[in-house]
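Enquirer: Handing you a structure now.
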Amino acid sequence: MGLPKLVCVLFAACCCCRRATGVPGEEKQPVLTPDLVEAEVGSTALLKCGPSRASGNFSQVDWFLIHKERQILIFRVHQGKGQREPGEYEHRLSLQDSVATLALSHVTPHDERMFLCKSKRPRLHDHYVELQVFKAPEEPTIQANVVGIHVDRQELREVATCVGRNGYPIPQVLWYKNRLPLQEEVNRVHIQSSQIVESSGLYTLKSVLSARLVKEDKDAQFYCELSYRLPSGNHMKESKEVTVPVFYPAEKVWVEVEPVGLLKEGDHVTIRCLTDGNPQPHFTINKKDPSTGEMEEESTDENGLLSLEPAEKHHSGLYQCQSLDLETTITLSSDPLELLVNYVSDVRVNPAAPEVQEGESLTLTCEAESNQDLEFEWLRDKTGQLLGKGPVLQLNNVRREAGGRYLCMASVPRFPGLNRTQPVSVGIFGFPWMALKERKVWVQENAVLNLSCEASGHPQPTISWNVNGSATEWNPDPQTVVSTLNVLVTPELLETGAECKASNSLGSNTTTIVLKLVTLTTLLPESSQTTGLSTLTVSPHTRANSTSTEKKLPQPESKGVVIVAVIVCTLVLAVLGAALYFFYKKGRLPCGRSGKQEITLPPTRKSEFVVEVKSDKLPEEMALLQGSNGDKRAPGDQGEKYIDLRH
């Protein structure tokens, strides 16, 4: 029972005592029940002087606070006007609506008291008003035991702590496990609650749940609930749910493998041990040695995991886990688990180094090892072209073009991505054949050039040059060699040119490189066909005993030639502009006129506008150079062509 209620009871008892003793000359007063007013903290409470049904002109009223059986004057009403008395309520009291209602603003928990109203005009019985204050607590917070509880412990252990702050009056707390309320139970469940009174008069409630947990509580959800009352009715707030670590010994152990399902070489495989205990004990992973039949311990990482990355054929076998519980010193072993890594290995091609004369036939056979059914495919290495399926590849009437690398790919159809490839190089006997028979290079004297030469053959040829320079070689494949010569352009080199010679045991072949000096005379017609004078072009040449496609080699560059090219282009544009201006002045151009007009030249000069174009372009480049009648050059045609501007 609160202090205000106690005062009220004592006051009522005093009145009854006075009525019982019968004080002489005093009229008997009826026993009055105080009016109950409810208000939330921070709101305004309305105190009425008399029951709500009372009416009349309250022109003179005194309001008192009952404190420790004393009546303390806090407000006066005289002739309908209010007057505050000095004290704690001096600045929070005012008249509301009528002089019969006193408003108390900014209610606090300290205002939960008994108030007395004495009306002198009209003359009425004393009227008591009891003020009750309410405040909803904040959302409850819960803190679980993070250390954990062992099921073998006999004593009660703290499970969680619930705190509800700043409520009034003190809220009620209820605990739940898996949505079912918990009740006090001897040696099983104990709930201890306490409260703190803040300086504001509000209460902070703290409740501790202690219990003995079992193995089945490892996933149990605990939470607390605060029940409280407001003027609007009963309410409640719940905390979040928490779990508590529960420790118990293991009863069995087993092996797990990731990923689940069929495994193949190259997969990232992880082997781990698990038990039904908590916490997980120390593990060892053992594998059966196929030669001795003994289980041997495998090396694991700091987390006790065995990682096979990548998985290989020899990783297949029987694995077993062992656990040691340090709490109970009990050792448990799992059932053996057979791990199978599907594989393809030892891909072989017979013969390993095949050689054949041109025009003959060749048979290649592919073999491989696997624990699954295999499928074989034959591919051309350079192009990736599929040549056939099956373990045997038959090559009939082979030509030089058939030489080079082939691939045998052995794969398992039911395991996409499980395959192995074995290359084999087929040698076609023959003397060297050159990528280019002849080439023409425009150069500038004293420039440094990189001349390239490519030859193929079996046996693999060697390359030599007839001029001095720094040569480097590399081999794109076992039958091909590319040589690059770094030389300085001298008058002697311009006169003799350069020759690259490829030789093997069956013969030799050459590529001739003709060097031509760049001059304004030679560059003028060429400037309309080439994008840069420093670009080396090669002439196609159809050779006997060769059906290969001509290739472009790396082109040397000359900065000096580029500068000359820019100058020549500028001169050509100037000449062309002058010619157009001349035709315009003669009235031969239809500038600004309607209709069409033929560009004509004086008959005596028509034959002068014939431009001779000498080209050493490749066939694919020459296709762009056509006469006005649209005729294309034939591939390999290196003769001189003319563009007649008269047509």
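Even glycines carry a Cβ here, placed using N, Cα and C.
Unlike curated records, TrEMBL annotations are generated automatically.
Keep in mind it's a predicted model, so treat the numbers as computed, not measured.
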Enquirer: Could you tell me which of the ranges 456-479, 624-647 is annotated in TrEMBL as region 'Disordered'?
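Expert: Among 456-479, 624-647, the range TrEMBL annotates as region 'Disordered' is 624-647.
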Enquirer: Could you break down the residues of the domain 'Ig-like' (432-516) into DSSP helix, strand and coil, giving a count for each?
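Expert: Within the domain 'Ig-like' (432-516) the tally stands at 6 helix, 55 strand, 24 coil.
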Enquirer: Just to be sure I understand, if DSSP states are collapsed into helix, strand and coil, how many residues of the region 'Disordered' (281-303) fall in each?
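Expert: Once the DSSP states are binned, the region 'Disordered' (281-303) shows 0 helix, 10 strand, 13 coil.
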